[in-house]
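Feature annotations, courtesy of TrEMBL:
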BINDING   111, 112, 113, 114, 162, 163, 164, 165, 166, 167, 168, 169, 170  GTP binding site
BINDING   243, 248, 250, 256  Zn(2+) binding site
DOMAIN    62-219  domain 'CP-type G'
DOMAIN    71-217  domain 'EngC GTPase'
């Protein structure tokens, strides 16, 4: 019997099958294979004589996020507050790089849009559009600007990413039409939210799946191969094959077409600086803590 893991708590996995949701445990062989079932996994399950479910096979994953641990995601709504707290563009870039590295289409959702002017909105939108990402301005509390996001859930496994305290829980509540998660207030002292989400879970909605993810802002990059990091920056794609050296990392190599594009203003300078900073971080063993 085939299914998809909707939720995992305390060693139990809740698998959506044609016969409904079945509570399962994983066979011990996965421990020996160093492979743990993840939310979003497509799996085969067996039922014993007592109708207890066991996961016997995990199908190959099309994508995998490390934090949160979710498999087979097709798109990500990267949620940030446009103000209070202000956008941390380095953190936003980390989410975008993680999505690109896992072949997940990212869409940037900026909440609390009522707190900024039209001029500020345009400036931020242009900055994000310039690196190849769609921007959606929303007001989760007032349920404004959600139509395109709602329709985009169909036929996708969608994950919500972003730091805590930016409105992800409120946004999920808006999508499902009822209170699904506890929502927490932002700590005035540090300007960040409490971690109110306790586990990852897939919600069936609009003929697709929405993954309710932990609101942690820690995203380590050390697992990325430094020679592959450039592939997570779509604005570099136009310059593939134009550098002097094959396999150029657009770092210190002479005759680099990407560096020339930065100097000519064709590639955003701050994004390139983020790329270099991340390249160094990976090269140094990921000592940067977020």
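Heads up, the Cβ atoms here are built off N, Cα and C, so glycines get one too.
Caution: TrEMBL annotation is automatic and unverified by curators.
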If you compare CA-to-CA distances from residue 113 (GTP binding site) to each of the binding-site residues 243, 248, 250, which comes out shortest?
250
Neighbour count, 10 Å Cβ-Cβ cut-off, for residue 243 (Zn(2+) binding site): what number do you get?
20
With DSSP, how much of the domain 'EngC GTPase' (71-217) is helix, how much strand and how much coil, in residues?
42 helix, 39 strand, 66 coil
Compute the centroid of the Cβ atoms of 243, 248, 250, 256, then list the same-chain residues not in that set whose Cβ lies within 8 Å of it, in sequence order, for the Zn(2+) site.
239, 244, 245, 249, 251, 253, 255, 257, 258, 259
List only the single closest residue to residue 166 (GTP binding site), chosen from the binding-site residues 243, 250, 256 by CA-CA distance.
250
Which entry in the list of binding-site residues, 168, 250, has its Cβ near the fewest other Cβ atoms, using 10 Å as the limit?
250
Can you figure out which of 111, 162, 164, 168, 170 (the binding-site residues) comes closest in space to residue 250 (Zn(2+) binding site), comparing Cα atoms?
162
Work through the binding-site residues one by one (170, 248) and point out the residue whose CB has the fewest other CB atoms within 10 angstroms.
170
